[in-house]
């Protein structure tokens, strides 16, 4: 096995859109409105339209005078994301959206309807620089970071689609957000944290989704995990571990060459200690690569030692990607792996995978037009 791409932590600075309302916190919104010569109360009025009514077109904000709509449209609502296409499966209850940003950059998000929740998987970067060889996004390389507004607007658009009954299953409410789409969220740290705050703040400052229903994933950027722990947020941390030993992880997750397993688990323990939140560990099970019984035993033992009862393992059957030489482990092997991890005192379940047939499942997002 070889790594075909280098790790990229510093994204190209090209293509970022102009300032948008969703890039700004409450104080910055008021300052931006004042710069336009408008009274400060307009800032909350505009924010209530965007976050509360899920309206992104100033021309439709009819409680504002027409001249104000034109003014704020030019200053605070640059073109962000246009739908290229929707693709659905699961009787329409799983819907992947391909977006085109203002500079032509392509990205994807996936909306999944369940009996008890509606979950949106969002992208934080266009592409990914972490170069994991079993992931289509990682093998495509990194185009650029997404702006805070580009991240937030994926959520606003999905919430509006659910509210309006545009997704199979009738009108509904968006309840859960997972930063598990394209990109390494903690490599776009500042914008992702700002987006989390906008997504979770109550209107008029945000979309009002509970922090406890937000998951931020990472391949293991240990210093950023510790930094996130100190942000005062209550989001769930998901660590994409994929193997408990450094020898294999150096290849499967190349960032392990910088922050090995022990360092990642130390950071995860700090996150659990600081936030009081249980950590999720993601494990893509690959036939004859990381599915051996001894690896299950090692995984359970290391996680129990590092995190005790504050960890849960999600086993993910490997999703196929174009040209991949790997495939998912057989079901008996998967069941034995889960059993052995549980035997070590660590809760372990197989994650319900949605969207495989439309290339919308974990590791499949490639933003192909």
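Note: Cβ is positioned from N, Cα and C throughout, glycine not excepted.
Under the heading active site, proton acceptor, Swiss-Prot lists 108.
Residues annotated as active site, S-methylcysteine intermediate in Swiss-Prot, with sequence analysis given as evidence: 362.
According to Swiss-Prot, the feature [4Fe-4S] cluster binding site maps to 128, 132, 135. According to DSSP, residue 132 ([4Fe-4S] cluster binding site) sits in a coil region rather than a helix or strand. There are 23 other Cβ atoms within 10 Å of the Cβ belonging to residue 132 ([4Fe-4S] cluster binding site).
According to its DSSP assignment, residue 319 (S-adenosyl-L-methionine binding site) is coil. According to Swiss-Prot, the feature S-adenosyl-L-methionine binding site maps to 183, 184, 217, 240, 241, 242, 319.
Sequence annotations record features per position, and here Swiss-Prot assigns domain 'Radical SAM core' to 114-357.
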Same chain, 6+ residues apart, C-beta under 8 Å of the C-beta of residue 242 (S-adenosyl-L-methionine binding site), given in sequence order: 132, 249, 252, 253, 282, 283, 284, 290
Cα-nearest neighbour of residue 108 (active site, proton acceptor) within the listed binding-site residues, 184, 217, 240: 184
217, 240, 319 as binding-site residues, winner by CB count within 10 A: 240
Distance, residue 128 ([4Fe-4S] cluster binding site) to residue 183 (S-adenosyl-L-methionine binding site) (CA atoms, angstrom): 4
